[in-house]
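These features come from TrEMBL:
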type	residues	note
DOMAIN	4-117	domain 'Gfo/Idh/MocA-like oxidoreductase N-terminal'
DOMAIN	129-252	domain 'GFO/IDH/MocA-like oxidoreductase'
Amino acid sequence: MSKINIGIVGTGSIVNTYKKCIDELAEGELVALYTKSASRKESAEKAFGVPVFDTMDEFLQNDIDLVCVCNESGRHGEAIKAAASAGKHVLCEKPLETTPHKIDEVIAFCKAKNVKLGCTLQNRCGEDYQRVVEAVGSGKLGKLVMGNAHINWYRDEKYYDDSKWKGTMAFDGGAALINQGIHTIDLLLHIMGSVTSVFGKVSTLVHNIEGEDVGAGILNFQNGAIGTITAGTALFPGYPERIEIYGEMGSILMEGGSIKAWNIKDTPTFEPTSNADKGSGAADPTAIGHQNHKKVIIDMIDAIQKNRAPMVEGPEARKAVAVIAAIYDSSKSEKLVYL
Ligand SMILES: NC(=O)c1ccc[n+]([C@@H]2O[C@H](COP(=O)([O-])OP(=O)(O)OC[C@H]3O[C@@H](n4cnc5c(N)ncnc54)[C@H](O)[C@@H]3O)[C@@H](O)[C@H]2O)c1
């Protein structure tokens, strides 16, 4: 099959991960980048070794099959719509956009333009995580009773001071929950199923930002189970993210992408195959490895070549943002929010 030509929107830190992945792929090739700032053009061309364009029109005139949207979260929608209008398939970084309403718009837009829209929620590709999905899906835990996600991370003030968009409502959509917490919240929902209502509380207690640096939510799942979310970027020193799944037959705990406890009544305890560090971003956003991103990009290329749906489509990517938005709404109204 012929190679898929890839263009990237953005020249920020996550683009380095995409470059590393694409360089290792036989199925795809990086052909062009877009940056909104003309001043970044030259340095980006040196860093990435492909032409960099500072107008979207010129960028999209290239022979590109797939556009990877890697710019600020609150600009994802405009980039997705521009790419889709030019007939390009889109793989967009999390979150697809900053509100459920904006996500609905891009889903409808891509559908109307008949292009595929995938979202990079790469932690779904983790090997230990997939073991948990299989165990829960095959009923090993029995009826689910509780699911918790804790993303008790830390970012210093410099992390926000150095960025024009992180922690802003317009371009980040919030902060700790929607930027850092979203991956683990996505995994929790993927395992536990639909959420019917949420009670939440968020606060900005340490950092000089608009969005929250601590947040918590209580979830009611459709299957009757209850759950909790805690997240923060003010929780020094930042601990590996944690997922706890409890069923009537036992429980499984994951930390930093690895299974830490596996206790199911009358079955042998799971022996972790690897305790290797999976690269948690608990204290350092650059510590995230690239292997799961690579799997997402390979899946997207395969979806285009075989004309099938990508691993995480728009409606699936919307779920975590909808729960996070409900936590924000509940915190404002001090009421239970129904989804
Ligand atoms: N999947 C993951 O694990 C993961 C990890 C990190 C980021 N992301 C997502 O990727 C997107 C981009 O995040 P990021 O961390 O790469 O952001 P970033 O701040 O490094 O870059 C964002 C944008 O700002 C521009 N930019 C960066 N530095 C600049 C400078 N000095 N002058 C002018 N422009 C500059 C870049 O061109 C880029 O388009 C976000 O949506 C984020 O949520 C995902």
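Placement of Cβ uses the backbone N, Cα and C atoms for every residue, glycine included.
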Composition by DSSP (helix, strand, coil) of residues within the domain 'Gfo/Idh/MocA-like oxidoreductase N-terminal' (4-117): 54 helix, 25 strand, 35 coil
Mean per-residue pLDDT computed across the domain 'GFO/IDH/MocA-like oxidoreductase' (129-252): 98
Secondary structure tally of the domain 'GFO/IDH/MocA-like oxidoreductase' (129-252) (DSSP, helix then strand then coil): 35 helix, 44 strand, 45 coil
